[in-house]
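Q: Dropping a structure here in structure tokens format, bear with me for questions.
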Amino acid sequence: MKSAAYLAALAAVLPAYVNAQAQEWGQCGGIGWTGATTCVSGTVCTVLNPYYSQCLPGTATTAPPPPPPPPTSVSSSSSSSTSSAPPSGPSGTSPTCSVASTIPGFSNAALPNPFVFNDGSPVQSKADFTCRQQQILALIQGYEAGALPGPPQSVTASFSKSGSTGTLSITVTDNGKSISFAPTISIPSGTPPANGWPLVIAFEGGSIPIPAGIAKLTYSNSDMAQQTDTSSRGKGLFYNLYGSGATASAMTAWAWGVSRIIDALEKTPSAQINTQRIAVTGCSRDGKGALMAGALEPRIALTIPQESGSGGDTCWRLSKAESDQGHQVQTATEIVTENVWFSTNFNNYVNNLNVLPYDHHMLMALVAPRALVSFENTDYTWLSPMSAWGCVNAAHTVFSALGVADHHGFAQVGGHAHCAWPDSLTPSLNAFFNRFLLDQNVDTNVFTTNNQFGGATWTQSSWINWSTPTLS
């Protein structure tokens, strides 16, 4: 009888214990978190940043993570090619457009005007704005991203396929050094379109659903530039090529890697990829990287950052204002102590954001007139939901000025775990895929928020003090 009573009591307790554990992909810790701090079997509570720990598939280990694999040599396969002068990936600067990496004496507490040149003169045409984008590109590199190298001396690529999985083997050589990496491509079934399959380059595999008829390349961006913590500075394939002292941040190095992938695809027709229809995506820290890649690489047709938060589709000034209103958000001062996503030079400005002659609305402006759709999650205050809404509104003025407002989308909802995809957003996502990768005539007017900012307030007139011009 005692045994029966004991088992009955245990049976009553166990469900409560299980329920007290966070489920797979659920939150299990972080600043201000008061919920479950242990995870269900088969998952481990993983610290993503000081504000958020998540139950990820796997088992706990006390051993440090293994170092990235060494570069692999390119094997012979059905197709290979070498380019001694691969096409330029990141856009350069025109000799007729005056650019500078910094603007001494600049100060503006509001969001800087994207429609004036560095000297204060107005942008009056689309051609003018192309020059303005070159100025913005130089400023972002000068203040926070670090220097983006130009095209390397050579890119060698080969492609092999086994079933529905392809392997793109890439070797990049510059200044007498070489690196190699080999991303895999999930290839749709059936006959490819005449120009090849559209492609999504997914940072660390991505988190969004990809429609049928679109290939997916899994980009191990953390091999290109490590991002464990601040000790990762200067580590990864990119730095093996350009040196550990290169000023490029991890995100800039990731963008450089995306450009080399596109170089390789352009030189490898057997991969049957349409290099005019490429998207890039990632979530959280990798969402920040996807946005940076879309901004720096003009061959990307569609950029899809997911829950990129501070350092992504939010603005530094707005995140600070959100923090000043008493909300626990990631700010510039905190993020530079967390990881190596930005150059060390950015540390000089995080305590005086007013001197930045740009903010991240202008990072997003580098994507225009190409397509950009971003998604945010208001359930997580540290993602700076008010800052995201304000920042994308400021960026939207650029797309509107260029006559392509429907090339820029945004949706901000809650009700799901960080980086878990809510089905309610799939129609908006698919609209952008259908239009910009699958060439369908569909409506992409998507720009919405649930206005759940945790009490933080967005007042547009306090931050956007310019009128949107019509550029021709």
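The count begins at 1 with the first shown residue.
The backbone N, Cα and C atoms fix where each Cβ goes, and this holds for glycine too.
According to Swiss-Prot, the feature region 'Disordered' maps to 62-97. Summarising the annotation, Swiss-Prot assigns compositional bias 'Pro residues' to 63-72. Feature annotation from Swiss-Prot assigns compositional bias 'Low complexity' to 73-96. Annotation comment: Swiss-Prot describes C97-C131, C283-C419, C315-C391 as disulfide bond. Here Swiss-Prot flags S284 as active site, nucleophile. Among the features that Swiss-Prot reports, substrate binding site is placed at K288, Q330, E338, W382, with the record citing similarity to another entry. Annotation source Swiss-Prot lists N-linked glycosylation site at N465, citing sequence analysis.
Surface or core, plus neighbours and distances: that's what I need for these features.
A: Within 10 Å of the C-beta of C131 (disulfide bond) we count 18 further C-beta atoms, all protein chains included. C131 (disulfide bond) falls within a helical segment according to DSSP.
According to DSSP, C283 (disulfide bond) is assigned to a strand segment. All protein chains included, C283 (disulfide bond) registers 29 other Cβ atoms within 10 Å of its own Cβ.
In three-state terms derived from DSSP, Q330 (substrate binding site) belongs to neither a helical nor a strand segment and is classed as coil.
Counted within 10 Å of its Cβ, the other Cβ atoms near C391 (disulfide bond) come to 30, all protein chains included. C391 (disulfide bond) falls within a helical segment according to DSSP.
Sequence-distant contacts (6 or more apart, same chain, Cβ under 8 Å) of N465 (N-linked glycosylation site) comprise A110, L111, N113. For the recorded site, N465 (N-linked glycosylation site), the DSSP three-state label reads coil.
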Q: Quick one: what's DSSP say for W382 (substrate binding site), helix, strand or coil?
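A: In three-state terms, W382 (substrate binding site) counts as helix.
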Q: Out of C97, C315, C419, which of the disulfide-bonded residues is least crowded by other Cβ atoms within 10 Å?
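A: C97, out of the disulfide-bonded residues C97, C315, C419, has the fewest neighbouring Cβ atoms within 10 Å.
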Q: Name the one residue among S284, Q330, W382, C391 whose Cα is closest in three-dimensional space to that of C97 (disulfide bond); these are the recorded positions.
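A: Result for C97 (disulfide bond): the nearest of the recorded positions is C391.
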Q: Give me the Cα-Cα distance between Q330 (substrate binding site) and C131 (disulfide bond), rounded to a whole Å.
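A: With the alpha carbons as reference points, the distance is 32 Å.
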Q: Which of the recorded positions C131, S284, C315, C391 has its Cα closest in space to the Cα of W382 (substrate binding site)?
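A: For W382 (substrate binding site), the spatially nearest of the recorded positions is S284.
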Q: Among the recorded positions S284, K288, Q330, E338, W382, which residue has the fewest other Cβ atoms within 10 Å of its own Cβ?
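A: E338, out of the recorded positions S284, K288, Q330, E338, W382, has the fewest neighbouring Cβ atoms within 10 Å.
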